[in-house]
Each structure stands twice: as C-alpha cells, then as structure tokens.
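Engineer: Got these off Swiss-Prot a minute ago, pasting:
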- 1-19: signal peptide (SIGNAL)
- Tyr96, Asn140, Ala141, Glu142, Asn199, Tyr365: substrate binding site (BINDING)
- Glu200: active site, proton donor (ACT_SITE)
- Cys205-Cys206: disulfide bond (DISULFID)
- Cys267-Cys316: disulfide bond (DISULFID)
- Glu299: active site, nucleophile (ACT_SITE)
- Asn374: N-linked glycosylation site (CARBOHYD)
- Asn456: N-linked glycosylation site (CARBOHYD)
- Asn625: N-linked glycosylation site (CARBOHYD)
- Asn707: N-linked glycosylation site (CARBOHYD)
- Asn763: N-linked glycosylation site (CARBOHYD)
- Asn780: N-linked glycosylation site (CARBOHYD)
- Asn917: N-linked glycosylation site (CARBOHYD)
Amino acid sequence: MKLLSSWVVAALAAQAAGAAISHKLDGFTIREHADPAKRALLQKYVTWDEHSIFVNGERLMIFSGEVHPYRLPVASLYIDIFEKVKALGFNCVSFYVDWALLEGNPGHYSAEGIFDLQPFFDAAKEAGIYLLARPGPYINAEVSGGGFPGWLQRVDGILRTSDEAYLKATDNYASNIAATIAKAQITNGGPIILYQPENEYSGACCGYNGFPDGSYMQYIEDHARDAGIVVPFISNDAWAAGHNAPGTGAGAVDIYGHDSYPLGFDCANPSTWPSGNLPTYFHTSHEQQSPSTPYSLVEFQGGAFDPWGGVGFAKCAALLNHEFERVFYKNDFSFGVAFLNLYMIFGGTNWGNLGHPGGYTSYDYGSAISESRNITREKYSELKLLGNFAKVSPGYLVANPGDLSTSTYTNTADLTVTPLLGSNSSASSFFVIRHSDYSSQASVEYKLTVPTSAGNLTIPQLGGSLTLSGRDSKIHVTDYDVAGTNILYSTAEVFTWKKFNNEKVLVLYGGPGEHHEFAVSGASSSSVVEGSSSGISSKKVGKALVVAWDVSTARRIVQVGSLKVFLLDRNSAYNYWVPQVPTKGTAPGYSNQETTASSIIVKAGYLVRSAYLDGNDLHIQADFNATTPIEVVGAPSGAKNLVINGKKTQTKVDKNGIWSASVAYTAPKVQLPSLKSLKWKSVDTLPEAKNTYDDSAWTSADHAYTNNSAHSLQTPTSLFASDYGYHTGALLFRGHFTANGKEKTFFVQTKGGTAYGHSIWINETYVGSWAGTSINDNNNATYTLPTLQSGKNYVITVVIDNMGLDEDWTIGSEDMKNPRGIIQYSLSGQEASAISWKLTGNLGGENYRDTVRGPLNEGGLYAERQGFHQPQPPTQKWDSSSPFTGLTKPGIRFYSTSFDLDLPSGYDIPLYFNFGNSTSTPAAYRVQLYVNGYQYGKYVNNIGPQTSFPVPEGILNYHGTNWLALSLWAQEDNGAKLDSFELINTTPVLTSLGEVKSVNQPKYQARKGAY
C-alpha cells in the first residue's frame, strides 16, 4: 500500500486512538479510526467489529498459541512448530521479542543469525499461520530482566514510565524492531496481522502514583507507528481491568484484550482445582470495558511455569491437562471469545542464561507441544478437537452470549449451561455445559432443553439420558449449518464437517459410555453404511429425523440423505486430521473460507502436517511413531494416487469412497556414545584462587556511587555487577588488602537470584560456600578465616552464580534493578575501605565477544572468558580427567570432549543429556552444559528439579562432530563428581520434516585481551 510522507505519519501517529467510526459490511459494524487520513494510513486488511476480527474482509476466529523464537534458536525447526500448530486447526501464533538479546550493548542493535526474525516470519507464511507481534519493550516472559537488557539497571528513571531517561533508552530498540516487524505485516505480504505495544501494563506499587500513564503508552505506540506499523494494536491487560481500552484517551489501543491464568501454578498438586477459580464474569466485564471490540484473551493459560526446586513440568502438564482444556477453554467460548491465544503452545528452552531466576533451563511449560517438540500429550489431541470445531463454525462468531443458568436448560442444578444464541446472520446456537462445581469428578445424567427452529425441545427425544463425566464440558449445537443441511441439534460434539462434490460429511464424537442424539431437519430416513447398527436408532419427530446412538470404540457411519455422519468415540477422534488442500502449489495457505472448504479429512496417527494435489497424485506429509493405518475421506475428484511423504502408496477404496492404506514403521537403530567412555580433557577454571593469579586486566570496582537509582550502596564502592557492564552468568570478585593480623571473620551478603550460590577463597584457602536454596535470592554469611600474617597481602575471591535478572512486572517496583554481586561485607579488624575490589563477568561485558551466540550465552568463568566452551578448544596441554572422577575438594573445573553422530535420516530423534544422582542427600554442585558452544543446561544438583536436558538437532550435529563441555563447580569439602551423565533418545519419529540445518557454531580462537 502507499504510505504517507514521514512527517504526516509522525503527526498522525501522535494522535490519541480513542475515537472510532463505523460502517456496515454484510450487516456487521466494522470499527475504524475516525480520522480519514489515519484510516488510509492504517490499512484495510485487518478490521474488526464487536464480534470478531476480519482478515481480508472475512470474519475469522483467531485461535492462537504462544511461541518464542528465541527459545528455539534453530531456524529450520520453526516450520515444525508452525505445522504442528496449524494441524490443531489454529490460524495464528503470538510471539515475544527479547530486547536483551538484540541490544546487549547500548546503542548497538543486532538481530542477525539465530536472532534474525525473518526465518520465523517466512516459516509462518509457509505454514499458513498469522502472527501477533509482541516486542515490548517490556515482555516479562520469564526471561532475564523481563526482556530488559542489564544495562537498564543504570538508567536514572523509573522503568516502564514516562521518565525521559527510560524512554530514551528504549528508542533504538523500539525503532529497529518495529521497522523489522513492519516489513512482515500483511500489508507487505507478510503474516503479521496484529501488534501489541508493551505488556501487561496493569498495576503499580511502591509509592509510584503515575499509573496508568496514557502518555507513556502513547509514546510506545507512536514509536511503532513511526516505524511503519499499520496493523491494529491489541493490548494484554494482566486481568480484566480495562486499562488502555478504546475510548480511554491517550495510549488507547485498537482492540482491548486481557490475560488469565485461572488455575494458577501449583504443579505440586496437579489434581487440585481450587474452588472458585473458573471465571464466570468475563463477558459482563467485556461489555462494560470494551463493547465495540471482539472479546480477546491475549494470554490464556496453556501451561505453567515451574521454579527452581519445583516438581518438574510433567506435573505442570498434568495440572493443565486435557480435562483442564475441556472445562476452561469451552468456558472461554461461553463468553464469545473471538481471539484466544494460549500461553504457551510450545515453550522451548532457556538456553544461554536467557531465563529469569524464577525458572530453570527448561521452559517446557507443560504445553501441548513439549520442549523436545513431541505431541504425545493428550492435551494436544484434545486441543485439536476444539481448534477444528472453531474453524468450521462461523456462526459461533455472531452468536450472542447469554447468562449462565442451572435451571433453564437442564433438569439438574448440578450442571450449568451458558447459551450463545443465534443471530439474524446465523441461526446457529451453542450451549456450553459444565458442572456447577467446575472441579466435580462426578458423572451426572441430564436432559437438555433448548430453543431451536422447531421450537423448544427436551433432549434426548428418543429416550435415555445424556451424561457429563467429571471434569468435562461440552458444546451442544442447534440449527448448525453443514453446507446447507440444518443439524437441528447434536448432543455429541462436532469435530469438523466438509462438503465433497455432491456429498457432505459431519464428524461427531462423544466420551466413553455416553448416549447421544442428533437431528437433521427435513430428513425422513437414515441407514448405517459402515459398522454395526447396534446401539443406533432413528425416528422422525416433527419435521426432523432424530438419530440416537451409543458411543463405541468402533466407528459407525450413518447416511442421512446426502449427509454422512461419522460417529466416533473421543479417543478415536484424536486420530483424525483436517489438512487444507491448496488449489495451487503445495503450501496450505492461511485459513479462510476457501482453504477451509478445500480441506480433506485424514485418519492417521501421530501427525498429519499438510496435503496437496499434484496432477493425479494426492500428497500427504505426515509423521509416524508406529505402523499406522491411513484413511482419506473426501479425496479430491482429480486424485487417483496417494503419495505419503514422497512415496506412492497402495490404496483401497471402499463403498463409501474412503481411501485406505498403511504406513509401516520400523524403529531405526540409534547409536549414541557412552559419555563416560569418551576421552575427556580438563582445566582448572578457577585460577583466580591461586596466589600467582594476576587480575590486573580486570575491571576495577572503584565507583564510589551506583547508577542504580533503586538501590543505594552499603559498600565503600559499588560491587553491583551491572554498574560495570556484567549482567549474565558467573560473576567473580577479588578483594585485595594488607593484613594486620586481627582479621578473624569475613561477613558478606551476596545476591544472585533464586537458587544461586557462592563460594569464597582467601588466597588459596577455601573459606566456604552458600549452596543455595530454591527460595533465597541472597545470603548473609560470616566465615571464619585462617590466621593471617600481619603486613602480608591477601586476596579474597568470591564467585557468584548469577541466575538472571528479576522481572519488572509491577510498575514502580524496579525489581529489574535488583543488583547482582556483593551487597555488603565486613572484615573484622579492618575498615571496609581497606579492601580494594576488582571484578569480572563475561569477557568484554556489554562488548561481548561471541556475537553469534549473543550477549547472554557465556558468563565469567575463566574457561568461558577464554572461549574454551566453543568447538576445538586448545586441550593439548590440559589434564586427561573426567567429570565422572571430578574434584576432590571445592573448586571449579572445566571439561571438554567430542563425539561423532550419524543418526538415521528421515527420522526426528529427540536427544537428551541426562544427569543422575545416586546419593540420598544430593551433593552441592553446579554444572553448566555446553553443546557446540551453546550453553544448553544449568544443572544444580542439590536444588533441581531438572535432570534431563533436551538439545535439538541444529545445535547438535546429527551427522558430524559435536563438542561437549561442562563446568563443574564443587561447593563441598570433599569436592564433586558426576554419578551419571548420559546421552539418550526417546522414540524416533518417521518424519516428513525437511532438512534441519545446523546453526553457526564458531570454533575456538584465541581471544585478544582474554584473562
């Protein structure tokens, strides 16, 4: 589209976004900005009314999942995630951008290599997935600093406010990232349809009285508009508070949205659903706060975070499981949600120190797609049922949500029904039923009374009862349109429907042991054309044919006129997929009326990625983890042959026109090295604890002040690491003094974030350690010193494990400025000023050396500063020793080895590095895992919980040499060693995924100035 001149753009962007005008499209009111020039500037591709968003003029339910590209730094794997999201029936992905990774050095923006967003955009477009861009500048996201680079600790102003110093600090990043996103907008042929400024701008504390500040939000929005952002702004209030909703003045967004995590994060008790946690007021609050925009849940719970010392993400997945999805997501549908984004759909990994101290390396999140990218959790399959239902139910978007009732629609107060009643545009109505006690595990029988075009009906009409099992919810439909055939009602849930040539197919499913009915208006008879007729009966009631059926594990197909109704149990429905078949080319395209209509129905196993027609050949791209029967329902009329993953497959066609075939799966032989048998070389990575060590090249901690406006000094000079440009990984401090012989004890308070630890030496004598806990982010300790000789020079060496910077979720808290380093200290018999300090972190600090792996990947250990964690380190003069032998005293040692892999091609083989502990009381030690130079694991043996570290192909070279390195930090008198350390695989998946390309893995080169 044609953009206006830059000065006009700037002028328009500075206007408040509160006012709106409307016009009519097919009977619906579409909201746009009041200023004609601004409307021209903004675009016509993405519009909205009170019911939904329109994309290219078509009403669209946006069903989305959260994916963070920076948590999967292998660009050729993006398509894998997008195709798995697409297969759910979803049409969108939301993504954050982590400022800390792109501007680690203030004023120097770098988004190249693994940080380049263009491959992410390209993969989304290839898969047919729209994007919501969420670049902050603040993102929270359980990343270090909430996405703020560490140097913001030195900004003299309150973060996330209109303080000039803070706003100026955001300018470079904000302009660059918005310009990048602008190029990928739908207006430029890209996938981005929405843009979120800021993140959860929802509350303040600690004496800050400037919230909410519309001028601050307006500044963030203007930056985006100035850089070319023209798609609508959407917000994500942390709760339904109405902040920055349209009409609120400066800083108002186009579409108001909010977040919700109703079941919380108590993964330790995955079967506990606390009373009162199911929201019931969202529709009411939406009508009060933003009635002119579609109801949007921009973050709704898709999993949970887990802290250090937690119970692990398997239990988070159990807490937020398939039952949670049925009850809570269908409850969201009862409010008429039109934009639903699940946080997370794929979590990924906090590699390279990018996480905050409240979490560990894994960011699996218990999400539908696991950290290792598998989709074996039942919640993925359950989500597929709902996603595909939404995709083929356009009437839902214009149905009117009503009030919940325990008496109007059922014959028992044990159940609650919320109606979404048909409108002038669509007669379809939807009735969301759940237990009144949403956590109930009881099975309740009921009858349903609902309004239909045939009058009020009490169902079942042919006898029997309906059943709602414990922790279940259903969406019953009435007057549901299937390509012109009116389904008067169905108590079984709709998975999908399609029209194929002159035939229509409707797929219904129910839970085990349930009884259901559906009725077809105008029909008079039915026949069972596949499967047993046992448990199926039909009768004409009024002007509709009613079919009653009992759920069975065996599929039945009932023919009613030109409609074939597939009757499935839920577990069987899990194996069905609905890939779009493009009319041109091989890419599925974005979801719209045309591409949805072109879809086929495929019964398969693990995953169906896509389908396309090439001449007479119907191609299906699919993944398999077992020998799998394949069925194709609705093969295109021109298709004669079935080609699966490039191989022509023998098929049979039954009397119902269903193609059947089989794909054989043979588990490949996967040969992995024994890590214990490898030749390991090692080097002391704490030479600082030797009397001969020279720290003259270190940074002098000589600031008699701090630039941290939120924390005052308690030491003669600042020992806050970020004051000197060190923000990530291990921090080392060396305090020099001349003894007077009176020194008996050393008191120190250190701060490194939750689960951190420290160790202290004086000269070469070990003084003690803080091994850390799962809840403490700082520690006060007094250590007894050996006898010191008067007049002799001594050095106190303090090593601190920086676990990341705190987030800044509440405005005014300034939590992100919580320092890392030494907060206070005292040496008995000496003034504090008698000690002169030096410090270091990663080599170069903000002028970080490894620009390929980014500003956070390496910390301040000697081996890291030298670059020994990279491939091909200079190990010729190192000791031959193994981490399985380890250290016999406190210290830190660095180990390196290499191994070759040549894994079977054509399989997606998840690999994990697993640590084991054979002692009942875990020893206190810490390990960093480096794979080809990338820090892909931070293991704290005495805190946990993570012991298994998945590393994706692309970081690991599946067909070549790999360099593996470990730092082993022993914090006990008897040292530490690894009891067990293995490389393992889980089930290989026969895959249609293309080649996975290894990321750039720069090898070791001697670093100028390294110390």
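For all residues, glycine too, the Cβ spot is worked out from N, Cα and C.
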Engineer: Quick one: pull the CA-CA distance for Glu142 (substrate binding site) versus Glu200 (active site, proton donor), whole Å only.
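Structural biologist: Cα to Cα, Glu142 (substrate binding site) and Glu200 (active site, proton donor) are separated by 13 Å.
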Engineer: I need the CA-to-CA distance for Cys206 (disulfide bond) versus Glu200 (active site, proton donor), whole Å please.
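Structural biologist: Taking the Cα atoms only, Cys206 (disulfide bond) lies 18 Å from Glu200 (active site, proton donor).
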Engineer: Cα-Cα separation of Asn625 (N-linked glycosylation site) and Asn140 (substrate binding site), in Å?
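Structural biologist: Taking the Cα atoms only, Asn625 (N-linked glycosylation site) lies 37 Å from Asn140 (substrate binding site).
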Engineer: Would you mind sorting out which of Cys205, Cys316, Asn374, Asn780, Asn917 (the recorded positions) have a C-alpha within 10 A of the one on Tyr365 (substrate binding site)?
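Structural biologist: Near Tyr365 (substrate binding site) by Cα: Cys316.
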Engineer: For each of Asn456, Asn707, count the other CB atoms within 10 A of its CB; which of these glycosylation sites has the top count?
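Structural biologist: Per the Cβ count, the most surrounded site is Asn707.
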Engineer: To the nearest whole angstrom, what is the C-alpha distance linking Asn140 (substrate binding site) and Glu200 (active site, proton donor)?
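Structural biologist: Asn140 (substrate binding site) and Glu200 (active site, proton donor) have their Cα atoms 8 Å apart.
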Engineer: Kindly assign Glu142 (substrate binding site) to one of the three DSSP-derived states: helix, strand or coil.
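Structural biologist: Looking at the DSSP assignment, Glu142 (substrate binding site) belongs to neither helix nor strand, so coil.
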Engineer: To the nearest Å, how far is the Cα of Asn374 (N-linked glycosylation site) from the Cα of the residue listed as 'active site, nucleophile'?
Structural biologist: 22
Engineer: On a C-alpha basis, identify the one among Glu200, Cys316, Asn707, Asn763, Asn780 that is nearest to Ala141 (substrate binding site); the candidates are the recorded positions.
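Structural biologist: Considering only the listed recorded positions, the nearest one is Glu200.
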Engineer: Using a 10 Å cut-off, grab the number of neighbouring Cβ atoms around the Cβ of Asn199 (substrate binding site), all chains included.
Structural biologist: 25
Engineer: Going by Cα-Cα distance, pick out whichever of the recorded positions Tyr96, Cys316, Asn456, Asn707, Asn917 is nearest to Glu299 (active site, nucleophile).
Structural biologist: Tyr96
Engineer: For the substrate site made of Tyr96, Asn140, Ala141, Glu142, Asn199, Tyr365, how many Å separate the two farthest Cα atoms?
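Structural biologist: With Tyr96, Asn140, Ala141, Glu142, Asn199, Tyr365 as the binding residues for substrate, the largest Cα distance is 19 Å.
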Engineer: How big is the gap, in Å, between the Cα of Cys267 (disulfide bond) and that of Glu200 (active site, proton donor), rounded to a whole number?
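Structural biologist: Approximately 23 Å lies between the Cα of Cys267 (disulfide bond) and that of Glu200 (active site, proton donor).
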Engineer: If we check Cα distances from Asn707 (N-linked glycosylation site), which of the recorded positions Asn199, Cys205, Cys316, Asn456, Asn917 wins as closest?
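Structural biologist: Nearest in space to Asn707 (N-linked glycosylation site), counting only the recorded positions, is Cys205.
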